[in-house]
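Have a look at this one.
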Amino acid sequence: MPLKSFFFSAFLVLCLSKFTQGVGTTEKEESLSPLELNILQNKFASYYANDTITVKGITIGGWLVTEPYITPSLYRNATSLAKQQNSSSNISIVDEFTLCKTLGYNTSLTLLDNHFKTWITEDDFEQIKTNGFNLVRIPIGYWAWKQNTDKNLYIDNITFNDPYVSDGLQLKYLNNALEWAQKYELNVWLDLHGAPGSQNGFDNSGERILYGDLGWLRLNNTKELTLAIWRDMFQTFLNKGDKSPVVGIQIVNEPLGGKIDVSDITEMYYEAFDLLKKNQNSSDNTTFVIHDGFQGIGHWNLELNPTYQNVSHHYFNLTGANYSSQDILVDHHHYEVFTDAQLAETQFARIENIINYGDSIHKELSFHPAVVGEWSGAITDCATWLNGVGVGARYDGSYYNTTLFTTNDKPVGTCISQNSLADWTQDYRDRVRQFIEAQLATYSSKTTGWIFWNWKTEDAVEWDYLKLKEANLFPSPFDNYTYFKADGSIEEKFSSSLSAQAFPRTTSSVLSSTTTSRKSKNAAISNKLTTSQLLPIKNMSLTWKASVCALAITIAALCASL
């Protein structure tokens with residue numbers, strides 16, 4: 001076939017496939033076409049030869065910073081204890097801040113100490129090593145540095161009023177974790193997951209703030225206390241050589257650019273890096289980790305980069321500092337479940353998003369190393385309390401019945417992933433496995449590494465490595481793919497199971513009675529408009545689709561005649 005004719009035919013097939021997409025019922029599932037399969041195969045093959053991965057990590061979230069959806073029993077117990085103390089029906093425990101405030105010092109201390117003692121033990125670290133991970137990310141809150149709860153006195157005699165319980169409790173268990181990591185030859189990445197006043201309003205920062213202003217860098221002493229904690233972290237964990245497993249320090253997790261001015265976040269990053277350099281010996285190679293602040297990939301390329309001093313000097317004079325751009329690692333977090341548009345995507349689109357995301361990160365690597373420091377197996381937001389205690393799921397529409405946020409989108413379907421694995425359909429299992437494999441194959445080939453969220457939960461299976469592995473939904477070893485080959489290309493059998501329609505969309509608003517409360521991982525940014533919302537292609541009329549397709553065919557015919 002002449003080359004021009006081939007391209008014309010391929011273009012026509014593609015146009016017709018797009019023309020028919022969305023016409024008729026949305027409940028019919030369509031398998032990948034050979035063209036779509038070839039697109040994905042080519043995308044994976046393009047970068048797979050560049051084996052850049054150094055990090056194969058796991059996070060032990062929900063431990064030293066508690067999270068309701070990871071251990072809901074802890075929060076149910078806290079509510080029960082509060083009711084015993086006070087018969088008021090007004091009890092609302094939604095995060096660690098309100099847990100400590102409601103229960104008071106003694107009860108909170110007993111409850112949390114037992115949780116720290118039992119949720120993560122030495123056995124977990126041994127299993128993490130056995131399962132093939134080489135790094136453990138340990139989230140910890142700023143309140144671990146509280147030295148006198150009665151006086152709200154922190155390190156460096158800084159006073160900051162909050163109800164958190166500490167007096168060295170979290171740091172004691174952190175030291176245990178470092179000893180276990182050293183014993184089992186695991187690297188550790190320390191992560192300041194909660195900053196004073198909350199840096200994002202998510203419950204995993206310690207304090208859930210769904211609608212109000214954030215306190216970090218706004219309230220008195222939040223900046224001073226943050227700097228004091230960073231200084232202590234650097235003085236404590238740098239320059240230890242082989243005596244310490246700490247290889248990276250993430251100065252703050254997920255500062256929410258937009259609700260916090262990005263220039264303020266950037267300035268804090270520079271001040272933190274200056275503190276690190278002042279406390280770091282020339283032989284120390286501990287990595288300075290920054291989160292992307294929810295800015296686009298590539299945003300931080302020129303920052304903290306000695307090649308671009310004209311950029312850096314606006315915030316800090318680092319001319320005399322001896323450092324390389326490779327000393328600063330950018331941490332990206334990626335989930336596909338915290339907007340309506342993501343939840344409504346087809347499985348093909350979801351996996352293509354992952355491939356494109358990896359491609360974009362790969363282009364960053366010449367500026368700074370970059371990892372996907374949080375990702376999961378979740379393809380819905382249905383896990384109990386994922387969006388917050390008392391908050392529902394976007395997937396079944398209950399999110400909008402339990403918050404002040406609104407949407408024009410219909411629910412995608414009925415939640416099932418919050419149920420026991422035994423109640424999952426085989427189709428749902430297949431999709432979760434495919435999604436996990438796509439991320440492993442992409443992040444292993446196109447980034448500096450990955451860190452899965454999370455090691456374990458009580459019942460949020462899509463976020464639970466141990467449960468996913470046990471159900472054969474997470475490859476073990478990590479490259480033991482079902483849908484991909486060792487070179488990263490896609491198995492042919494993927495074409496029969498990877499559907500072009502993620503899930504049948506319900507025609508009515510079917511709500512699950514079991515999904516009335518979820519965790520607000522990204523509740524504060526859930527209403528940002530996505531591309532599909534700004535350009536609703538799927539909602540085009542049939543006449544408009546036909547017009548567009550006719551125009552495309554005309555252009556293709558002209559090209560073929562040249």
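Along the chain as shown, residues are numbered 1 onward.
Yeah, the Cβs are placed from backbone N, Cα and C, and that goes for glycine too.
Per Swiss-Prot, the features are:
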type	residues	note
SIGNAL	1-22	signal peptide
CARBOHYD	ASN50	N-linked glycosylation site
CARBOHYD	ASN77	N-linked glycosylation site
CARBOHYD	ASN86	N-linked glycosylation site
CARBOHYD	ASN90	N-linked glycosylation site
CARBOHYD	ASN106	N-linked glycosylation site
CARBOHYD	ASN157	N-linked glycosylation site
CARBOHYD	ASN220	N-linked glycosylation site
ACT_SITE	GLU254	active site, proton donor
CARBOHYD	ASN310	N-linked glycosylation site
CARBOHYD	ASN322	N-linked glycosylation site
ACT_SITE	HIS334	active site, nucleophile
CARBOHYD	ASN401	N-linked glycosylation site
CARBOHYD	ASN480	N-linked glycosylation site
CARBOHYD	ASN539	N-linked glycosylation site
Can you tell which of the recorded positions ASN86, ASN90, GLU254, ASN310, ASN322 lies nearest to ASN77 (N-linked glycosylation site) in space, using Cα positions?
ASN86
Round to the nearest Å and give the CA-to-CA distance linking ASN106 (N-linked glycosylation site) with ASN90 (N-linked glycosylation site).
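Per the Cα atoms, ASN106 (N-linked glycosylation site) and ASN90 (N-linked glycosylation site) stand 21 Å apart.
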For a quick check of packing: other C-beta atoms within 10 Å of the C-beta of ASN90 (N-linked glycosylation site), how many?
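Within a 10 Å radius of the Cβ of ASN90 (N-linked glycosylation site) lie 5 other Cβ atoms.
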Spatially, which candidate from the recorded positions ASN90, ASN157, ASN220, HIS334 is nearest to the residue listed as 'active site, proton donor', comparing Cα atoms?
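Looking at Cα distances from the residue listed as 'active site, proton donor', the smallest one goes to HIS334.
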Pick from ASN77, ASN220, ASN310: which of these glycosylation sites has the biggest number of other Cβ atoms within 10 Å of its Cβ?
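Selected residue: ASN77.
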Residues with Cβ closer than 8 Å to the Cβ of ASN157 (N-linked glycosylation site), same chain and 6+ apart in sequence?
none
Find the one among the glycosylation sites ASN86, ASN220, ASN401, ASN480 whose C-alpha lies closest to that of ASN310 (N-linked glycosylation site).
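Closest by Cα distance to ASN310 (N-linked glycosylation site) among the glycosylation sites ASN86, ASN220, ASN401, ASN480: ASN220.
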Within 10 angstroms of the C-beta of ASN322 (N-linked glycosylation site), what count of other C-beta atoms is obtained when all protein chains are considered?
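Total other Cβ atoms inside 10 Å, all chains included: 10.
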Given the recorded positions ASN90, ASN322, HIS334, find the one whose Cα is closest in space to the Cα of ASN401 (N-linked glycosylation site).
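Nearest in space to ASN401 (N-linked glycosylation site), counting only the recorded positions, is ASN90.
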Would you pick out, from the recorded positions ASN86, ASN106, GLU254, ASN401, ASN480, the residue whose Cβ has the largest number of other Cβ atoms within 10 Å?
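It comes out as GLU254.
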